[in-house]
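For reference, TrEMBL has these:
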- A:ASP11, A:ASP12, A:SER42, A:ASN101: divalent metal cation binding site (BINDING)
- A:6-195: domain 'Survival protein SurE-like phosphatase/nucleotidase' (DOMAIN)
2 protein chains.
Amino acid sequence: MGKPLILVTNDDGITAPGLRMLVSIMKTIGEVVVVAPDSPQSGMGHAITLDSTLYSKKLTIDLDSEGIDEYSCSGTPADCVKLALQELLPKKPDICVSGINHGSNSSINVIYSGTMSAAIEAGIEGIPAIGFSLCDYTWEADFSQAKDFIFTIVTEALKNGIPKGTVLNVNIPKLKKNKLKGIKICRQAKANWKEKFDKRTNPMGKVYYWLTGEFELLDKGEDTDEWALANGYISVVPTHFDLTAHHVISELNTWNL
Amino acid sequence: MGKPLILVTNDDGITAPGLRMLVSIMKTIGEVVVVAPDSPQSGMGHAITLDSTLYSKKLTIDLDSEGIDEYSCSGTPADCVKLALQELLPKKPDICVSGINHGSNSSINVIYSGTMSAAIEAGIEGIPAIGFSLCDYTWEADFSQAKDFIFTIVTEALKNGIPKGTVLNVNIPKLKKNKLKGIKICRQAKANWKEKFDKRTNPMGKVYYWLTGEFELLDKGEDTDEWALANGYISVVPTHFDLTAHHVISELNTWNL
């Protein structure tokens, strides 16, 4: 088997340091094509562009990307994956990796995550896919400590195959390399955002809001991603896109419908 | 117990006929507050507005809404629910209903659905929630045939309570009332969109794309929402936001990580 074809995308945009780091790791594993948003798309969830047009541009971001095809796309992360698979890639990729996101996508954040929606979109299309996120929101975040772990996760995924209908959600704690304890397979912790809206008045006298909030962990389990991250481990949650709550079907059948 | 407080929202925008029909049904059940997007938000998935401001406006859409508080919101469906719960509602609602969507949100469409993301957002915040969708994309769709069924589902949900962590995804086939066979509790069918990008050149010579596609059902089960809809039933899928593929955890633990 030749070198695997790896599609790299993200939601922070094609110039984000997290994506550049992921590209540099993937170059050591296979042939890389980048298709990523031309502007930040955080919090886009699984949005797709239905009522407007998509633009895409072939470009070179840094000298380091020599020999790599890179495309920016005007759409959402899910759009990037759709466009990559249908129009831009020479063939079906062997794996799609998304990230490294600037900020956590653990627990309930997976629902809002553009990073994970790109990976899930690839999963829906039958491509093995992994989303990577670092628990550090800053643009200057240090992504280097997780290099070896990311290499290992991707090569193991290529070797073993990711079970069908499943996408991996990988989160990395903000720790120096010698503090990282290893990798744990986890479930998604129950959690919530306690929203607060910052209500302001614009210069024209009109009221507007900024969405802010505090993360609230509602789960004491030691098998969760939040527990792993708080205890120095990289969390890997197998995530699927069959949203059926199968255990509830029999209860609903007792309703008088 | 007094009249239940019902939050009504959608993703087609506050003026959509599907929402107006849902309001008219909910008025017969309880006290209604509407908080819905000021413009169509189809395909927004679970997007939220992080990097820009939100506006909201109290308004009256039609004479029929006398006695009902209605607010438009400049954000996504998930934003509408967050803003409603934190800023606009007088108290925690007893239920949140989203829709009636102009178009199906069955099977894999749940992932892209703004209608369902609003309901899921309410579910995350501990509010019983239901998304309703009619399998007819047109603005002129006939929503009247499902009136009694929607009334029944909402009153049963208020009576029995929706199991915690679960949100109902209700889809209604495009059929005359006397052809509707009833309601079936289902699982989400395995399905996919075979994308096709319509590639064009704009008047300035720049290439752009329109996303189009064909729905591809990959599931022969007779317990799915697609089977129910094709056979004249309203489908109800209990949907959850714990995306963990629990059955895959043990397999991943055999990897060499």
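Any Cβ shown, glycine's included, is placed from N, Cα and C.
Each of the binding-site residues A:ASP11, A:ASP12 was scored by how many other Cβ atoms lie within 10 Å of its Cβ, and the smallest score goes to A:ASP12.
Under 8 angstroms separates the C-beta of A:SER42 from a C-beta of chain B, among the binding-site residues A:ASP11, A:SER42, A:ASN101. For the recorded site, A:ASN101 (divalent metal cation binding site), the DSSP three-state label reads strand. Listed in chain order, the extra residues whose Cβ falls within 8 Å of the Cβ center of the divalent metal cation site residues A:ASP11, A:ASP12, A:SER42, A:ASN101 are A:ASN10, A:GLY13, A:ALA16, A:GLY18, A:PRO40, A:GLN41, A:PRO77, A:GLY99, A:HIS102, A:GLY103, A:SER113, A:GLY114, A:THR115. Using a 10 Å radius centred on the Cβ of A:ASN101 (divalent metal cation binding site) and all shown protein chains, the other Cβ atoms total 31. When secondary structure is read from DSSP and collapsed to three states, A:ASP12 (divalent metal cation binding site) falls in the coil class.
For the domain 'Survival protein SurE-like phosphatase/nucleotidase' (A:6-195), the mean pLDDT of the prediction comes to 93. The number of other Cβ atoms within 10 Å of the Cβ belonging to A:SER42 (divalent metal cation binding site), over all protein chains shown, comes to 23.
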